[in-house]
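Visitor: To start, I am sharing the structure in question, which I have written as structure tokens.
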Amino acid sequence: SDCQVSNIQVMQNFDRSRYTGRWYAVAKKDPVGLFLLDNVVAQFSVDGSGKVTATAQGRVIILNNWEMCANMFGTFEDTPDPAKFKMRYWGAAAYLQSGNDDHWVIDTDYDNYAIHYSCREVDLDGTCLDGYSFIFSRHPTGLRPEDQKIVTDKKKELCFLGKYRRVSHTGFCESS
């Protein structure tokens, strides 16, 4: 891979209805700035007109030391590529971030794993200057061994290999 954002391959023939439901983030590559720390669970839905929406929650620390469960919302705008969306997102509370990000589905088998990618800022040389990525699993316990290799190959293609951190699931957001 030459690390050019414009050359990144996304999921072919992406099926949004099979992508719906609950996904547990098992690893993430952080962007610059405030971001969900762990206990990240995303839920994707498709309405009657085919529009994609999502909710996500995860643990954050704000004001330096206040730990809380953040509830985030997103609406997805279609692009000519079915696996590439423009996502408008906001938090349930005013001090949580809001904005617009790309939301690309790089690969998924719909039943076990999914790889998400978002570049917030492309550098002058065409590589990603500020971006983030989630590795999702349908299972809170993590990826199956047979999915690990696929995911590692995709991390390389995204030029994010070695930049991911494990996302733990401790039940923090279920209790709060």
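Glycine residues also receive a Cβ, built from the backbone N, Cα and C atoms like all the rest.
Copied straight from Swiss-Prot:
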type: BINDING; residues: GLN97; note: substrate binding site
type: DISULFID; residues: CYS3-CYS159; note: disulfide bond
type: DISULFID; residues: CYS69-CYS173; note: disulfide bond
type: DISULFID; residues: CYS119-CYS128; note: disulfide bond
type: MOD_RES; residues: SER1; note: N-acetylserine
Visitor: At the level of the C-alpha atoms, what whole-angstrom distance separates CYS173 (disulfide bond) and GLN97 (substrate binding site)?
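Guide: Cα to Cα, CYS173 (disulfide bond) and GLN97 (substrate binding site) are separated by 18 Å.
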Visitor: So how many other Cβ atoms are close to CYS173 (disulfide bond), meaning within 10 Å of its Cβ?
Guide: 19
Visitor: Could you say whether, by DSSP, CYS3 (disulfide bond) belongs to a helix, a strand or a coil region?
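Guide: For CYS3 (disulfide bond) - judged by DSSP and reduced to three states - the answer is coil.
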Visitor: Sorry to bug you, but what's the C-alpha spacing from CYS69 (disulfide bond) to CYS128 (disulfide bond), rounded to the closest Å?
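Guide: The Cα atom of CYS128 (disulfide bond) is 29 Å away from the Cα atom of CYS69 (disulfide bond).
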Visitor: In the structure shown, with every protein chain counted, which of the disulfide-bonded residues CYS3, CYS69, CYS128, CYS159 has the densest set of Cβ atoms within 10 angstroms of its Cβ?
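Guide: Answer by Cβ density within 10 Å: CYS128.
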Visitor: Give me the count of other Cβ atoms within 10 A of the Cβ belonging to the residue listed as 'substrate binding site'.
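Guide: I get 15 for this one.
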Visitor: Within its own chain, what residues at least 6 apart in sequence put their Cβ under 8 Å from the Cβ of CYS119 (disulfide bond), listed in sequence order?
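Guide: Listed in sequence order: VAL5, ASP102, CYS128, LEU129, ASP130, GLY131.
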Visitor: Taking the Cα atoms as reference points, how far is CYS3 (disulfide bond) from the residue listed as 'substrate binding site' in Å?
Guide: 28
